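Here the structure comes first, spelled out in structure tokens, and everything after it is commentary.
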Amino acid sequence: MLRGDPGAPVAGFRHDSRQVQPGDCFVALPGARTDGHLHVPAAAAAGAACALVARDVPGVPPGMALIRVPDPLLALGSAAARHRQQFPVRVAAVTGSVGKTTTKDLVWAVLSRRYRTLRNPGNLNSEVGLPLAILNGLGPEHGAAVLEMAMRGPGQIAYLASIARPEVGVVTCVAPVHLELLGTIENIARAKAELVQALPADGVAILNGDDPRVAAMAAAHPRRVVYYGKVARGTEFVALEGAEPAPPPPGGLGAQRLRVRSHAGQAQVYLPVPGEHVALDALAALAAGLVMGLSLEEAAEGLSTVDPGEFRMRLVETGGVRILDDTYNASPASVKAALAVLARSGQGRRTAILGDMFELGALAAAAHREVGQAAAAAADVLVAVGELARGYAEGAREAGLAEVHHFVDRQAALAALAGLVQPGDTVLVKGSRGMRMEEFVERLRLLFGGPGPGGSAA
């Protein structure tokens with residue numbers, strides 16, 4: 001303690017001085033662009049009651065407490081772990097290369113039928129975000145929590161699990177994401193398996209039985225495993241026997257009715273979101289509901305209440321053009337899933353505007369070519385944006401797509417949109433976050449005279 005009252009109450013925890021509210025504790029974290037210690041005075045000016053710091057900070061008013069710790073990030077995690085231990089809440093954790101956020105939101109919809117349930121808001125799923133979600137969100141009113149866990153290296157999932165102490169662990173899939181950081185897909189699988197290894201002896205692993213690398217994680221937790229997927233396996237399972245299109249909710253992109261078979265019986269499930277990948281994520285949510293005490297019917301009712309507006313693929317209708325805005329991020333699996341939605345999008349030309357996928361390491365060229373081949377089956381027009389996107393174009397042409405446009409330069413691609421998209425088209429826009437593909441959505445809005453940001457979502 002550098003100064004101040006260590007027992008002073010704290011309203012919340014923030015690591016961004018621009019978000020500080022009176023009474024908060026500011027956590028001075030080092031960053032890629034700046035050092036949080038430089039922003040302690042700004043946090044004080046915003047009314048912060050205290051700050052976690054690794055060194056003294058000049059220019060801070062005497063009314064603000066400074067708590068010096070060896071590592072503010074680890075101190076944040078320790079505070080979250082202590083806060084978590086105060087509440088007898090049932091916790092489900094979700095990890096995987098693709099589908100984490102969707103699965104987390106579907107599990108939340110299911111568990112909310114029985115419990116007041118906490119979930120990480122937005123993408124607060126890292127060694128910074130997850131502790132903040134627990135500290136700022138978890139309270140005595142909660143009966144359950146579902147927490148998404150992301151990682152960029154070995155040991156991070158184990159660390160997050162030590163904070164959250166889940167009794168249920170869901171692993172969605174293992175895919176070539178973050179290869180530049182982890183090197184091989186086997187290393188990715190080992191990192192994701194840390195969640196299963198962290199479960200208590202009476203915990204339950206919910207594993208995607210369609211993914212061999214995920215199914216193999218059962219060896220790390222032999223006590224109780226529930227599999228989900230297209231094929232029933234094991235003594236406890238949730239399997240998809242079929243899916244048909246269903247009437248969408250107002251403004252929705254689509255919906256589906258799932259035929260589900262499980263160890264607990266059979267059910268018809270209305271899911272107000274399209275896509276086979278979402279249907280499979282819904283199976284994981286049903287499994288989580290069963291494990292945490294809900295009936296299959298009760299869990300299915302939870303899925304029927306899902307708000308399509310909470311999902312990352314947004315439907316924007318502007319001037320006769322339907323835009324599938326899926327610009328949050330991209331990996332080979334998620335782009336293929338988005339292309340599958342585009343393929344079933346109804347009348348009119350289907351155009352895919354795809355930006356580079358990052359962090360694929362040595363697999364980058366082959367992965368882009370493979371996605372390009374998938375685009376040829378889903379789209380009438382492909383617009384490939386970026387240096388790596390050359391692979392999209394090559395793969396699509398090899399697969400027989402006639403209209404393929406490749407732009408290394410983003411600005412050139414933006415300038416060309418007026419001649420590539422026309423009223424009546426359905427346009428998918430997707431790419432890695434660093435490609436800023438949301439600018440293509442905004443350009444389409446401007447070109448076709450539609451409203452500003454908003455719209456429906458899936």
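Backbone N, Cα and C atoms are what each Cβ position is placed from, and that goes for glycine too.
Annotations in TrEMBL come from automatic prediction, not curation.
Remember, predicted model here, so these are calculated numbers, not experimental data.
Pulled from TrEMBL, these are the features on record:
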- 12-83: domain 'Mur ligase N-terminal catalytic' (DOMAIN)
- 94-288: domain 'Mur ligase central' (DOMAIN)
- Gly96, Ser97, Val98, Gly99, Lys100, Thr101, Thr102: ATP binding site (BINDING)
- 312-433: domain 'Mur ligase C-terminal' (DOMAIN)
Which are the residues of the chain, Gly96, Ser97, Val98, Gly99, Lys100, Thr101, Thr102 excluded, whose CB is within 8 A of where the CB atoms of the ATP site average out, their centroid?
Val94, Thr103, Thr172, Cys173, Asp281, Ser334
When you measure from the Cβ of Gly99 (ATP binding site), which residues in the chain that are at least 6 apart have a Cβ under 8 Å away?
Thr172, Cys173, His277, Leu280, Asp281, Ser334
All-chain count of other Cβ atoms within 10 Å of Gly96 (ATP binding site):
27
Drop a 10 Å sphere on every Cβ of the binding-site residues Ser97, Thr101, Thr102 and tell me which sphere holds the fewest other Cβ atoms.
Thr101
Going by DSSP, how much of the domain 'Mur ligase C-terminal' (312-433) is helix, how much is strand and how much is coil, in residues?
51 helix, 31 strand, 40 coil
